[in-house]
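Per TrEMBL, the feature active site, proton acceptor maps to Asp136. Taken from TrEMBL, the feature Mg(2+) binding site covers Asn112. Residues or ranges marked as substrate binding site in TrEMBL: Thr134, Ile135, Asp136, Arg171, Met178, Gly179, His180, Glu231, Arg275, His281, Met282, Gln283, Arg284. The annotation domain 'Phosphofructokinase' is assigned in TrEMBL to 3-306.
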Amino acid sequence: MRRVGLLTSGGDCQALNAVMRGLAKALYSNYEDMEIIGFKDGYKGLIKGDYTVMAPECFSGLLMRGGTILGTSRQPFKLMRVVEADGIDKVDEMKKNYKNLKLDCIFVLGGNGSQKTANLLSEEGLNIIGLPKTIDNDLYGTDMTFGFHSALAMATTVLDNIHTTAASHGRVFIVEVMGHKVGWLTLYAGISSGADIILIPEIPYDIRIVTGAINERTLQGKKYSILAVAEGAISKETAKLGKKEQKEKLKNRKYPSVAYEVGAQISELTGQEVRVTVPGHMQRGGTPTPFDRILSTRIGAKAMQLYKDKEFGRMVAVLGDEITSIPLSETAGRLKTVDPKASIIKEARSIGICFGDK
Ligand code: F6P
């Protein structure tokens, strides 16, 4: 009997179930003696030994079902080696459960923090295979993560819908897009929905340039402007501060988020009517797009292949058209950010999109 573990960790996304289905189908078709253990609520389940045995039927009907049937949680990496008040060392607990359950390997579906923990467990001697999840697309070493495409579709729909109401009322509309500290989702959603101004963390903005672009549009007779603003976007002044001061400044901001701050400044400086929309977690909900379903199936199949080839301590990665893999140690703790000099930024600028910097 072979037994492998499976867990989904960190923020959920639309394609987690689709990936688990792809992986399970590949495992069950390649091994007759396979048993899959699903840990509940991410690393929490592995720490507590809270799991369920997942027969092949558990994975039926999952391709188009968003969220995760296993549940998830955020388990901060920095707490991992801290022995809690009750004397529990979480890493030791995970190792113990791995051993007691006689696992061959654990498949970790997760983003940045989760792959960092996956790497730690791999360094501790467990057989680990990572699968790259996040709507933020910020995992280093992979061109794409599953979940990104579906969140992009959702953010685009929001921006598309905002267009018609903005046009009717002649207002400035700001849509705040998720993405944590990076601008992938905002950049792509902004371009795909025809936003006029895109603000991302990698290109700090000057509010005078933003309002200048809006005024210019008004002079050209354009009745409305649409801004796609990343939740992590920062102004040039804030970007100049040290990390600690930046954190302090953002914590003490008088507005709930960057979109509201930018909105208030635009209203004051241009005199135009401004509305802010924050779609939030809607971007992570619903069904995966066809692209994500295909990507998820391929990623699941590749993870099985890594297991078969005993290539542990690696994360499945997307490189162009190929599904490949990289060492977990290479991706752990590293962010993939948007390069402000990237060709996509140049192309966006050349059609007149303003990034608030020049
Ligand atoms: O990492 C995915 C993500 O949706 C980010 O885009 C966002 O900043 C964060 O998670 C929200 O986290 P939570 O669901 O814990 O509020």
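Placed from the backbone N, Cα and C atoms, the Cβ positions cover glycine too.
On a predicted model such as this, the values are computed, not experimentally measured, just so you know.
Recorded features from TrEMBL, shown on the structure.
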residue : record                       : CB count, 10 Å
Asn112  : Mg(2+) binding site          : 25
Thr134  : substrate binding site       : 28
Asp136  : active site, proton acceptor : 27
Met178  : substrate binding site       : 23
His180  : substrate binding site       : 19
Arg275  : substrate binding site       : 15
Met282  : substrate binding site       : 14
Arg284  : substrate binding site       : 20
Pairwise CA distances across Thr134, Ile135, Asp136, Arg171, Met178, Gly179, His180, Glu231, Arg275, His281, Met282, Gln283, Arg284 (listed as binding substrate) top out, in Å, at 33
Listed in sequence order, the recorded positions from Asn112, Asp136, Met178, His180, Met282 whose CB sits under 6 Å from ligand 1 are Asp136, Met178, His180
Taking every residue in the domain 'Phosphofructokinase' (3-306), the average pLDDT works out to 95
Looking only at the recorded positions Asp136, Met178, Met282, Arg284, the residue listed as 'Mg(2+) binding site' has its closest CA neighbour at Asp136
Integer Å value for the Cα distance linking Asp136 (active site, proton acceptor) with Arg275 (substrate binding site) is 25
